[in-house]
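Swiss-Prot annotations:
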type    : residues                                                   : note
DOMAIN  : 10-211                                                     : domain 'YjeF N-terminal'
BINDING : 58, 59, 60, 61, 62, 125, 126, 127, 128, 129, 130, 131, 154 : (6S)-NADPHX binding site
BINDING : 59, 121, 157                                               : K(+) binding site
């Protein structure tokens, strides 16, 4: 397994890929969504009734894209968008508009999470740096109590991607689809207990050192 990275390192590699290499951030978001679908569709999960929980950030944008792509494949999927759509990150807002144009209308609440056969967690990603708000923590507890398989996108929501600490409340995932490199927080502390099976997926983000192996003209740092 490739060496694990901290949240800060991953954010640097992400920005390097976008700003220096020139891969558009929306392309990375689509690839992340496709990677999630690859894990969901590998046979371990029942896709007859899927719920995707998406937050306001780019992790939520991954979730919105994933929900739309599932719908396009004929999967019955509900998209629970948590928060004010007007406050969504730029690329997340774009994904929302695309989803709506394809006919996927988000919902803003779910009465009973037990009605779903699998839940995709795209509420918080590696950028979480403060405790989960109490109201969202209560929702996370309801998801955990539903005893439905959960696939987390990048990290289980509420887990610090660097330390593995629980930031107030956290999802208990059956599986975690993480991108480019394992995150240190998935391999220590509560992160180990909350991540389930970890799938590391290549979506086109690399460290400068790794890119140097492809192209020696690229500086290693």
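Here the Cβ of each residue, glycine as well, is placed from N, Cα and C on the backbone.
Comparing residue 59 (K(+) binding site) with residue 128 ((6S)-NADPHX binding site), their Cα atoms are 10 Å apart once rounded. Cα of residue 128 ((6S)-NADPHX binding site) to Cα of residue 157 (K(+) binding site): a distance of 8 Å. Cβ-based neighbour count (10 Å, all protein chains) for residue 130 ((6S)-NADPHX binding site) stands at 7. Among the binding-site residues 58, 126, 130, the residue whose Cα lies closest in space to that of residue 157 (K(+) binding site) is 126.
Neighbour density for residue 62 ((6S)-NADPHX binding site): within 10 A of its CB lie 31 other CB atoms from the protein chains shown. Looking only at Cα atoms, residue 121 (K(+) binding site) sits nearest to 62 among the binding-site residues 58, 62, 130.
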